[in-house]
Amino acid sequence: MLKLFSAFRKDKIWDFDGGIHPPEMKTQSNGTPLRQIPLAPRFVIPLKQHIGAEGELCVSVGDRVLRGQALTHGRGKMLPVHAPTSGTVIAVAPHSTAHPSALAELSVIIDADGEDRWIEREGWSDYRAHSREALIERIHQYGVAGLGGAGFPTGVKLQGGIDKITTLIINAAECEPYITADDRLMQDCAAQIVEGIRILAYILQPREVLIGIEDNKPQAISMLRAVLADAHDISLRVIPTKYPSGGAKQLTQILTGKQVPHGGRSSDIGVLMQNVGTAYAVKRAVVDGEPITERVVTLTGEAVSRPGNIWARLGTPVRHLLNNAGFCPSADQMVIMGGPLMGFTLPWLDVPVVKITNCLLAPSATEMGAPQEETSCIRCSACADACPADLLPQQLYWFSKGQQHDKATAHHIADCIECGACAWVCPSNIPLVQYFRQEKAEINAIRLEEKRAAEAKARFEARQARLEREKAARLARHKSAAVQPAAKDQDAIAAALARVKEKQAQATQPVIIQAGSLPDNSAAIAAREARKAQARAKQAGHPMADSATSGDDPRKAAVEAAVARAKARKQEQQAISEAAEPVDPRKAAVEAAIARAKARKQEQQAVSEAAEPVDPRKAAVEAAIARAKARKQEQQAVSVPVEPVDPRKAAVAAAIARVQAKKAAQQQVVNEE
């Protein structure tokens, strides 16, 4: 009974919710064998043709390359790209690529030399003699990626599935209208595909290997059955035609009955899926030693006169392929890369073929129909009925249009496979897939910005923590350095400070001498000044005598003598009071020079005044005033306390006073005569 149940379950297939049945339009291109076309004169090879980062460039402008030569290094998850033919690298520059907006990607531009020479190829015909890790590395370095449309690096995918996968599924459904690349490849290269499947099974070692193919490909089914006639390790499952049966989650559910959880992947339930084109590329990389330099591309649509499937070299401009298919463009001709439901319109035809290019559709105006105007959603729920991912497209539409990113995320917009079934059935002609693509791009941008902000915050907090640790370490060092020294060290420090202070005090202390004390050389200075005064008096005596004989008044002479005596006493008193204070030596020298200048000036004035007649009354008044001032100064001098006197200044002042006294006496003698 268990054997009957297992046999029944072995061939059982399941179904998924939703899905549509659009016109297939496959007979235009699947009736003719694969063909080669002439090489293009120039190839543009984008460095990024897969999910993930681009590889590191390893060629320069002017280098000559061979077909299959690596143009970039494949380190980590970076997948290398290879030269599609032999020629010369003429540029490494940004170029428009296969993208709805024709975004520019860094590309290697090669001028073909027409020789199409290969690198030296080394195949592993006995691949079982090599380890699984070596096979994965070879697949990765030979640039094999998912050729079903995703472009995920095959080596990375296999590395993550070792010893975790129970079911290996080969996707041969090819459910989208117009596309027949996989169909034709299975018809012409079934044996090579099966060999590639066995290489994948050797690496993953799953419990079962399933090939899922729709029933609208009878020739391909026949070829595969012929190759698998005596095989028991691979099962061929023919499934009903329904779009999108070729989706990874949908085909997994059809063949295994298991559903991939929201936000998860097929590997979460022990399933790994590869495309038939990928299996063929694995065989060529491992057994033949050929990197992926070409792939099958469907050329179809009523605007081409020779539709079919061709071997297209990667990097070939789309224009070159269409021209070889008899492209007859109309006034407003549209060219779609991919199928009519999941593909995108090319802005121009100079973009190159890449690893994920499976179809070039050039429909006529009648084939596409007149463009329909978008109207408001009527909430008919037709989109929800057609959605194969069990989503609510009408709600996602409102959330996307209203920029409600959180609600769109909560309604699992990330699970949308962008199959276009909802837009196909929408009676309001709303391009729902375009809204969903834009919303997912905005959500990804927001998450990327949040991630960058979190990383920046983490770096800032780490820096602040590091600065705090350094500050604490500095404070600890300062505290340890501030420990009090020993008692003997304190005594030595105190003695040194005392010596320094004593030296400073001696250097800044002024020389103070009490009033009345004179230096040892005061007598010599006084004698020298006296001799100088006598010499000056003799020189001035002759003119004074001459002027005196002219008839001076005796009373005027007496008054002048009294004034001179009063001034002399005043100057002596001032000299005594000033000498009692501490004096700066430089200041004393300046004051002495000023006093000498004043004395000379007074002598000159006295000589000039002596020649003029004097009023007796005026002289008497001046004499009385002089006596009064002299008495007042004597009283002030008595009241002023005696202070320390600078001996040098005192000596200078005393000498000046004596000179003036002698001068006054001489003047008096002259007047009396």
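Keep in mind that glycine also has a Cβ here, set from the backbone N, Cα and C atoms.
Annotation comment: Swiss-Prot describes 368-397 as domain '4Fe-4S ferredoxin-type 1'. Residues or ranges marked as [4Fe-4S] cluster 1 binding site by Swiss-Prot: Cys377, Cys380, Cys383, Cys426. The annotation [4Fe-4S] cluster 2 binding site is assigned in Swiss-Prot to Cys387, Cys416, Cys419, Cys422 on the grounds of sequence analysis. Taken from Swiss-Prot, the feature domain '4Fe-4S ferredoxin-type 2' applies to 407-436. Annotation comment: Swiss-Prot describes 529-554 as region 'Disordered'.
Locations of recorded Swiss-Prot features on the structure.
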residue : record                          : Cβ contacts under 8 Å, 6 or more apart
Cys377  : [4Fe-4S] cluster 1 binding site : Gln394, Tyr397, Trp398, Ser428, Ile430
Cys380  : [4Fe-4S] cluster 1 binding site : Pro427
Cys383  : [4Fe-4S] cluster 1 binding site : Pro393, Gln394, Ala421, Cys422, Ala423, Val425, Cys426, Leu432
Cys387  : [4Fe-4S] cluster 2 binding site : Asp17, Gly18, Pro393, Ala421, Cys422
Cys416  : [4Fe-4S] cluster 2 binding site : Ala389, Leu391, Leu396, Phe436, Lys440
Cys419  : [4Fe-4S] cluster 2 binding site : Tyr243, Pro244, Gly247, Leu341, Met342, Pro388
Cβ atoms near Cys422 ([4Fe-4S] cluster 2 binding site) (within 10 Å, other residues, all chains): 30
Residues flanking the [4Fe-4S] cluster 1 site, with Cβ no more than 8 Å from the Cβ centroid of Cys377, Cys380, Cys383, Cys426 and excluding those residues themselves: Ile378, Arg379, Ser381, Ala382, Pro393, Gln394, Tyr397, Cys422, Val425, Pro427, Ser428, Ile430, Leu432
Spatial neighbours of the domain '4Fe-4S ferredoxin-type 2' (407-436) far in sequence, C-beta under 8 Å, 6+ residues away: 18-20, 22, 243-244, 247, 249, 262-263, 341-342, 372-378, 380, 382-389, 391-393, 395-397, 399-401, 443
Cβ-Cβ neighbours of Cys426 ([4Fe-4S] cluster 1 binding site) (radius 10 Å): 23
DSSP-assigned states of the domain '4Fe-4S ferredoxin-type 1' (368-397) in counts, ordered helix, strand, coil: 11 helix, 0 strand, 19 coil
Secondary structure content of the domain '4Fe-4S ferredoxin-type 2' (407-436), with strand meaning DSSP E or B: 17 helix, 0 strand, 13 coil
